[in-house]
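Worksheet: the structure to be examined is printed underneath.
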């Protein structure tokens, strides 16, 4: 292992990819040695001296540890763009979040953030629709969107699934999606479910005068089957597909993004399984990195947490994810381990707040996120005492109250669906 990777005076070039890591050296290893091994293992080096690594090549491609704070257990490393296949998320992660997570020389390593250079951003298309395109697709410009997940998660047959979706639509939902673990099971086949639900979505549009979007899950065993399912939806007249981004894998997601553009379909990203490597604050990969990769690849909307619901995520973490979704230029924030990122005009993603939400939480959601959020409810709609239609209606009523600055209690006086929801979910 070379010893010249510590380069505190180095100023990253515009073409460098920069990463921030949290590192905890194992007992008996000093901080600088751990940082050196991390930088080398994630780029050009190995555990011992390599005869095939010429001085010229090493000087050209070596990483630069330009920031090291032992007290904060933080290092920043600048990598030459030549180390990467610029349009490949799997290759980038294999380098900066690959073997380094398994090294014995450190007890914990966490990739906190990646700042992508212009050359890499230019290799990606970003979202095809993005936030503005989704608003145009749905025909709603001035309020949050209301969505739901068909519940129960699994077990309904295709006919019942479509009926629950229809009731959600006529009650006021803009979007209805499959649950993340529903794909093509025997009790509810993908093709039959898609046909029936899209037909009832069209019926709900004609009855309500609003656009209604069904987000059918195309996550599949192979990329070939995933694309076949996507094209099946396209032929049925769908506008959307959803995909479980972590179980599917980054190669599958990049493939889907390319094919979805040709098909003219928007992409909804469900982040299930992300906590396997994002939740531990000392080891793995941050959700911030996952969100940035999603925008880079070009997903149109992404689950980011709720602050007020059942999912893990502090308010500042969720809002940092929101910023990476919607801002064109994200400023650096050392206290939050955020590197400056210029998205260079890539379209913003639509943030999705989902997980343990009820209509009573809508004022808080609106206060936290503003209008540019998709508020997505599961049990908060389908557990309404008056049924799914009333549950969706209660959500729209709560949103209308929030937009007008009226308390839910006052608005509920003339809206029985909301009044019933308050009786069930409002904390006494």
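Keep in mind that glycine also has a Cβ here, set from the backbone N, Cα and C atoms.
Under a cutoff of 8 A between CB atoms, and with a sequence separation of 6+ in the same chain, the neighbours of residue 151 (active site, proton acceptor) are 164, 179, 378, 379, 382. DSSP assigns residue 151 (active site, proton acceptor) to coil in the three-state reduction, placing it in neither a helix nor a strand. Annotation source Swiss-Prot lists active site, proton acceptor at 151 (among others).
The Cβ of residue 355 (substrate binding site) has 18 other Cβ atoms within 10 Å, all protein chains considered. As annotated by Swiss-Prot, substrate binding site applies to 153, 271, 303, 354, 355, 356, 376, 377, 378, 379, with the evidence given as sequence analysis.
Here Swiss-Prot flags 177, 179, 180 as Mg(2+) binding site, drawing on sequence analysis. In the three-state DSSP assignment, the secondary structure recorded for residue 179 (Mg(2+) binding site) is coil.
Residues or ranges marked as N6-carboxylysine in Swiss-Prot: 177. Under a cutoff of 8 A between CB atoms, and with a sequence separation of 6+ in the same chain, the neighbours of residue 177 (Mg(2+) binding site) are 147, 148, 149, 150, 214, 215, 216, 217, 242, 268, 270, 376.
Just so you know, the Cβ of residue 270 (active site, proton acceptor) picks up 27 other Cβ atoms within 10 Å once every protein chain is counted. Per Swiss-Prot, the feature active site, proton acceptor maps to 270 (among others); the stated evidence is sequence analysis.
Feature annotation from Swiss-Prot assigns site 'Transition state stabilizer' to 310; the stated evidence is sequence analysis.
For residue 180 (Mg(2+) binding site), applying a Cβ distance below 8 Å and a minimum sequence separation of six or more within one chain yields 217, 219, 244, 270, 272. Listed in chain order, the residues near the Mg(2+) site other than 177, 179, 180 are 149, 150, 153, 178, 181, 182, 217, 242, 270, each with its Cβ within 8 Å of the site Cβ centroid. Counting neighbouring Cβ atoms within 10 Å of each of the binding-site residues (153, 303), the lowest count belongs to 153.
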